[in-house]
Amino acid sequence: MRYVLLGPPGAGKGTQAALLSEKLGVPHISTGDLFRANIGEGTPLGLEAKSYIDAGKLVPTDVTARMVEDRLNQDDAKDGFLLDGFPRTVQQADILEKLLSDKDLKLDGVLNFEVSEDVVVERMLARGRADDTEETIRTRLGVYREETFPLIEHYGDAIISIKAEGTVEEINERTLQAMGK
C-alpha cells in the first residue's frame, strides 16, 4: 500500500496520514517531520532546509529527495507508506517514480485533499507553529498553486479526491472509503 497525499498546506494531510498509518499499519512519512528532525539534529541538509522553510518556500528538490530516499529505504517502509509532502512538483514525481521502479514498485494511488483557502488559513494559524505566520501561509499557498497543482494533471487517473472539510473523523471515513478500506 503506497500512497502519496496531496493538498495545500493545512489541508489536514498530516492528521489524516497519522490516523491512516495507525489503522492500516504502514508508516506515515512526512517531509515536514523529516525536515524538523534534520533541523533539530543540525545536519547540513537540515540547516539548508531551514532557510527555505523560514521564508515560506519549498525546500530544493535535491535536498528533499535525499531525505525521502533514505526514509523509504528503512525496513518499516518496505511493505508500504503514506507519503506526505513529496512529491510537490512534477520533477519530484518523476524522481519518486524512479525510486520506486528501481525496486519494481509503484504507487497505489494519490489522495488529493481538497479544502478552501479560508479554511487553510484558519487551520494553520490555529496550530501555532513558529513557521506559520499569516504572511508565510499566504506565500506557501501561492507556491502550492504555482508548483504543486500541476501534479493533479500529472497523476491523472491515479488521483483520488477527498473533501477535506468537516471533522477529522468525517474526513478519515471519506478517505478510507475512497481507498476501499
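Here the Cβ of each residue, glycine as well, is placed from N, Cα and C on the backbone.
Pulled from Swiss-Prot:
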type	residues	note
BINDING	Gly10, Ala11, Gly12, Lys13, Gly14, Thr15, Arg127, Gly166	ATP binding site
REGION	30-59	region 'NMP'
BINDING	Thr31, Arg36, Lys57, Leu58, Val59, Gly85, Phe86, Pro87, Arg88, Gln92, Arg129, Arg140	AMP binding site
REGION	126-132	region 'LID'
Sequence-distant neighbours of Thr31 (AMP binding site) in its chain (C-beta under 8 A, six or more apart): Val59, Thr64, Met67, Val68, Asp84, Gly85, Phe86
Summary of DSSP states over the region 'LID' (126-132), given as helix, strand and coil counts: 2 helix, 0 strand, 5 coil
C-alpha spacing of Arg88 (AMP binding site) relative to Gly166 (ATP binding site), in angstrom: 25
Candidate nearest Lys13 (ATP binding site) in space, where candidates are the binding-site residues Lys57, Arg88, Arg129 and distance is Cα-Cα: Arg88
Nearest of the binding-site residues (Lys57, Arg88, Arg129) to Gly10 (ATP binding site) - Cα to Cα: Arg129
Tally of residues which DSSP labels helix, strand or coil - the region 'NMP' (30-59): 21 helix, 1 strand, 8 coil
Chain-internal residues, separated by at least six, CB under 8 A from Gly14 (ATP binding site): His28, Ser30, Gly32, Asp84
Which of Lys13, Lys57, Arg127, the listed binding-site residues, has fewest other Cβ atoms within 10 Å: Arg127
Number of Cβ atoms other than its own within 10 Å, given for Val59 (AMP binding site): 23
Arg129 (AMP binding site) versus Thr15 (ATP binding site) - Cα distance in angstrom: 15
The one of Gly10, Gly12, Gly166 whose CB sees the fewest other CB atoms within 10 Å, among these binding-site residues: Gly166
Ala11 (ATP binding site) and Lys57 (AMP binding site), distance between Cα atoms, whole Å: 17
Residues satisfying Cβ distance under 8 Å from Arg88 (AMP binding site), sequence separation of at least 6: Leu58, Thr64, Tyr144, Glu147, Thr148, Leu151
